Ligand SMILES: O=c1ccn([C@H]2C[C@H](O)[C@@H](COP(=O)(O)OP(=O)(O)OP(=O)(O)O)O2)c(=O)[nH]1
């Protein structure tokens, strides 16, 4: 199992569990909002929320993804302002969550509420090789729906 170093940047987090896998099959660890008071988001409003944690992946063979929580996104309209957060292996700063109320009603986030999830994923690095033309292939120039398939 890969190891990620974590710094607890805010003493209030000492009373709360670190992000963890809720079940043996969970792919993500829930992330909690470090807030002094409830945060009210009007429809369309977006706020950068602290986690109070710095997670240093270190190994460039991995990256972190911050993803919405399904229930929160579907039922309360709370998703991420950047849709998906990409956490680089060399990032050592505080993990921040862009919380966006995409819904039509005002939503309140409570301090330490679980607002997103963190998934560690493997990363492949590609080297770009400039060529004059590609080998004959079955795909032409089309894209964005040009294949004619639905
Ligand atoms: O939801 C997110 C997304 C990113 N980050 C941190 C980790 C990431 O490694 C760093 C930079 O993110 P990214 O490269 O996506 O942002 P950018 O807008 O291109 O900023 P930068 O100029 O800092 O690279 O910000 C977060 O804390 N939360």
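Here the Cβ of each residue, glycine as well, is placed from N, Cα and C on the backbone.
Record features (TrEMBL):
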DOMAIN    16-148  domain 'dUTPase-like'
BINDING   69, 70, 71, 82, 86, 87, 88  substrate binding site
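Feature map: annotations from TrEMBL on the structure.
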residue : record                 : DSSP class
69      : substrate binding site : coil
82      : substrate binding site : coil
87      : substrate binding site : strand
Residue with minimal Cβ packing [other Cβ atoms within 10 Å] among the binding-site residues 86, 87: 86
Taken over the domain 'dUTPase-like' (16-148), the model's mean pLDDT: 95
Residues among the binding-site residues 69, 70, 71, 88 that border ligand 1 - Cβ under 6 angstroms, in sequence order: 88
Largest tally of Cβ atoms lying within 10 Å of a Cβ, found at which of the binding-site residues 70, 82: 82
Cβ neighbours within the same chain of residue 88 (substrate binding site) - under 8 Å, at least six residues apart: 57, 63
Fewest Cβ neighbours within 10 Å, where candidates are the binding-site residues 69, 71: 71
